[in-house]
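Residues annotated as Zn(2+) binding site in TrEMBL: Cys161, Cys164, Cys187, Cys190. According to TrEMBL, the compositional bias 'Basic and acidic residues' annotation covers 354-374. Positions annotated as domain 'J' by TrEMBL: 4-69. Annotated region 'Disordered' per TrEMBL: 349-374, in sequence order.
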Amino acid sequence: MKEDYYEVLGVGKSASAAEIKKAYRKMALKYHPDKNPGDSKAEEMFKKSAEAYEVLSNPDKKARYDQFGHAAFDGAGGFGGGSMNMDDIFSQFGDIFGSAFGGGGGFSGFGGFGGGGQRRVKGSNLRIRVKLSLEEVANGVEKKVKVRRKVQAEGVSYATCGTCGGRGQVTKVTNTILGRMQTATTCSTCGGSGQVIDKKPSDADAQGLKVQEETVSIKIPAGVEEGMQLKVPGKGNDAPGNGVAGDLLVAIETEEHLTLKREGDNLHYDLYISFSEAVLGTSKEIDAVGGKVRIKLEPGIQSGKILRLRGKGISSINGYGSGDLLVHVNVWTPKELNKEQREFFERMQGNENFDPKPEKSDKSFFEKVKDMFS
Ligand SMILES: [Zn+2]
């Protein structure tokens, strides 16, 4: 079981963006690897708090997390939000604790993270849309999509940036009314990576990248909704040099089903039966997401009755069971009658059996709707 992101940062669910940022900064400084060399517990906490901050500092992700919990990101596996590596943390949140560790000189390095203010440049994200049928939404699906992503061209070699000497930052001294101020800014020649292209083949762009088509497999968990966004880490564009690849962001679109209407995890189906079927009872095949389902209707079933087929709805994205399939029974009143039929119904007028006698179990429409949501 993953820890709650709010608990990781030690803030309440109603914490403001500023409070969340402040809480994260405190955690990041406390567990910073430079302060806790070789302490794997501290590193774990450092990563955990970064992951929590990554989600809670992004209004979009925060809203999804508040609604769906961790399931909004892990689903059937492979989606982001999950474990960030050190490079991600420094490239995304470096500014938050950078100054406390002296920007220009600080990092003593771990896992190939170089000295100075050099940072791993992250490649840009790619976005695609994936359209799903209701069946795919109900059961989850693995989609293979072709993505045109920038990858490092073969034969590209890099050299240390001459402008910043590989530090990734340049220091500027300015005179202000408060005295001389020294500021470090990201090197504009190399974009902070500390490297520039030395040699590249003719088919590579200025960054040494070229576009390549790649098939990416995306696992989509059951229960996703229109407008949700999933992340496939590292399947965006590559970054030049020793940078890390961006992410592939997958926007979910859903197709309308011909006969089934979705409402949360429940599905609704309108069933029409004839007057005589309602009187005599019948059995009917109806659409469900797993295929057809046969249901039995008792003699004397009332129009407006709702039959609930438990678990035949959409699997919950949180992994807590499934919704139901609600079958709305509509009795079709004949509009045309032949002579014999007309005479029969005329004879039945005032007949006791045909008089409406609603019982407690024949709930009113409003009671049924109330039940459905309880
Ligand atoms: Zn540079």
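Easy rule for this one: first residue shown is 1, then count along the chain.
Placement of Cβ uses the backbone N, Cα and C atoms for every residue, glycine included.
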Task: Listed in sequence order, residues with CB under 8 A of Cys187 (Zn(2+) binding site) and six or more positions away - done: Cys161, Thr163, Cys164, Arg167, Gly168, Gln169, Val170, Gly194
Task: DSSP-derived helix, strand and coil totals, residue by residue, for the domain 'J' (4-69) - done: 46 helix, 0 strand, 20 coil
Open item on the list: Quick check on the binding-site residues: of Cys161, Cys164, Cys190, whose CB has the lowest count of neighbouring CB atoms inside 10 Å?
Closed with: Cys161
Open item on the list: Same chain, not part of Cys161, Cys164, Cys187, Cys190: whose C-beta falls within 8 angstroms of the C-beta centre of the Zn(2+) site? Give them in sequence order.
Closed with: Gly162, Thr163, Gly165, Gly166, Arg167, Gly168, Gln169, Val170, Ser188, Thr189, Gly191, Gly192, Ser193, Gly194, Gln195, Val196
Open item on the list: Averaging the per-residue pLDDT over the domain 'J' (4-69), what integer do you get?
Closed with: 85
